[in-house]
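Trainee: A single structure is presented below for examination.
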Amino acid sequence: MFDVVISDIEAREILDSRGYPTLCVKVITNTGTFGEACVPSGASTGIKEALELRDKDPKRYQGKGVLQAISNVEKVLVPALQGFSVFDQITADAIMIDADGTPNKEKLGANAILGVSLALAKAAANTLQRPLYRYLGGSFSHVLPCPMMNLINGGMHATNGLQFQEFMIRPISAPSLKEAVRMGAEVFNALKKILQNRQLATGVGDEGGFAPNLASNAEALDLLLTAIETAGFTPREDISLALDCAASSFYNTQDKTYDGKSYADQVGILAELCEHYPIDSIEDGLAEEDFEGWKLLSETLGDRVQLVGDDLFVTNSALIAEGIAQGLANAVLIKPNQIGTLTETAEAIRLATIQGYATILSHRSGETEDTTIADLAVAFNTGQIKTGSLSRSERIAKYNRLMAIEEEMGPEALFQDSNPFSKA
């Protein structure tokens with residue numbers, strides 16, 4: 001094949017699932033093939049995440065427009081990348097990082113850079129007429145991830161007063177991805193009927209989970225257990241529970257407390273919940289700045305529960321290495337838009353995996369119809385994925401893509417949960 005190079009890059013403003021603008025980027029090659037990617041956006045963000053560039057023009061979208069990011073693609077990244085091989089992802093990402101020249105991509109915007117980075121990989125895959133997961137992962141990528149399904153939303157993803165942000169189920173006894181989705185959908189619909197019978201709200205939050213007004217985190221967990229059993233499954237054996245506390249959102253940085261409680265109290269609360277409920281994964285149980293709290297949590301629960309760092313690590317290899325050295329957490333949430341390029345995302349996964357940390361590919365609360373993360377989870381054999389509830393099309397699109405990949409692979413597909421603390 002003759003050289004296939006980048007001939008043009010187009011960027012446009014679209015809307016995400018919250019009705020706010022984001023970027024859709026198309027990389028076009030000299031052969032006419034192209035790849036297109038849409039960039040997600042988070043509500044609960046880590047302070048060390050790469051910068052999502054917004055226009056801050058109050059006359060457009062309450063200041064959340066992305067016209068400047070689009071301009072940076074067209075005026076900076078297009079001339080920097082035109083003529084480069086569509087297959088040289090590492091070089092292209094390095095060029096964009098250098099063009100930005102800041103530690104957190106604040107000059108050009110991580111949203112601009114990531115859109116180009118992901119679209120480039122898709123253009124290369126399409127040029128070779130290969131699915132993205134196969135192009136990136138090669139013939140050894142055949143693991144379908146166990147999903148973490150967010151059935152009850154709280155925290156910054158809803159307005160219902162629940163302290164924790166996500167109450168999830170994990171279909172750990174499923175023999176396949178398709179069956180895992182079925183199990184999740186049946187529990188989701190059972191939960192809806194339970195809420196209706198109790199005259200609780202069945203409106204959904206940002207990630208498609210229900211957002212009823214509940215008195216406590218324990219009440220949300222009790223509802224999940226009831227829904228699991230109503231759907232005909234056994235808690236712990238068939239389906240386990242997972243939490244995303246998003247503890248930074250209720251952490252007071254001045255007096256270093258969690259709604260007035262010490263980090264030891266917070267660890268105690270989580271330990272007690274794990275005693276009473278079949279919880280095998282807790283994300284961001286402590287605030288990203290609370291290293292002492294994270295250390296205590298890791299010492300207390302790290303030998304029996306998956307402790308996931310999201311805000312703690314923000315998909316940044318340097319922060320992951322630092323956390324590993326301090327013995328913090330035992331798993332890493334992977335969000336490409338936290339770091340801004342596909343190359344850096346892959347490096348974060350590689351580093352965590354080498355050190356024995358589990359990895360979970362994740363969506364953001366502000367999503368689009370783009371299904372790239374489904375392919376990335378398979379390409380990098382993460383074994384776990386977070387992509388929301390069993391409602392809202394931007395969430396369902398990822399599940400449908402995973403099921404399509406599984407069917408395409410046939411007997412080669414392996415559904416495998418990478419959480420070492422799974423009870424199944």
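Glycine too: its Cβ is placed from the backbone N, Cα and C atoms.
Among the features that Swiss-Prot reports, (2R)-2-phosphoglycerate binding site is placed at Gln165, Lys335, Arg364, Ser365, Lys386, with the record citing sequence analysis. The active site, proton donor annotation in Swiss-Prot covers Glu207, and the record cites sequence analysis as its basis. The annotation Mg(2+) binding site is assigned in Swiss-Prot to Asp244, Glu283, Asp310. Swiss-Prot lists Lys335 with the feature active site, proton acceptor, giving sequence analysis as the kind of evidence.
I'd like to know what surrounds each of these features in this structure.
Mentor: Look at Glu207 (active site, proton donor): DSSP puts it in coil.
DSSP assigns Asp244 (Mg(2+) binding site) to a strand in the three-state reduction.
When secondary structure is read from DSSP and collapsed to three states, Lys335 ((2R)-2-phosphoglycerate binding site) falls in the coil class. Counting every protein chain shown, 25 other Cβ atoms lie within 10 Å of the Cβ of Lys335 ((2R)-2-phosphoglycerate binding site).
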Trainee: Checking the binding-site residues Asp244, Glu283, Asp310, Arg364, which are within 10 Å of Glu207 (active site, proton donor) at the Cα level?
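Mentor: Those near Glu207 (active site, proton donor) - Cα within 10 Å - are Arg364, in sequence order.
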Trainee: Any idea what the Cα distance is from Asp310 (Mg(2+) binding site) over to Arg364 ((2R)-2-phosphoglycerate binding site), rounded to a whole Å?
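Mentor: So the Cα of Arg364 ((2R)-2-phosphoglycerate binding site) lies 11 Å away from that of Asp310 (Mg(2+) binding site).
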Trainee: How many other Cβ atoms sit within 10 Å of the Cβ of Gln165 ((2R)-2-phosphoglycerate binding site)?
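Mentor: Neighbour count, Cβ to Cβ under the 10 Å cut-off: 29.
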Trainee: Determine, from DSSP, whether Arg364 ((2R)-2-phosphoglycerate binding site) sits in helix, strand or coil.
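Mentor: For Arg364 ((2R)-2-phosphoglycerate binding site) - judged by DSSP and reduced to three states - the answer is coil.
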Trainee: Compute all pairwise C-alpha distances among Gln165, Lys335, Arg364, Ser365, Lys386, the residues listed as binding (2R)-2-phosphoglycerate, and give the largest one in whole angstrom.
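Mentor: With Gln165, Lys335, Arg364, Ser365, Lys386 as the binding residues for (2R)-2-phosphoglycerate, the largest Cα distance is 17 Å.
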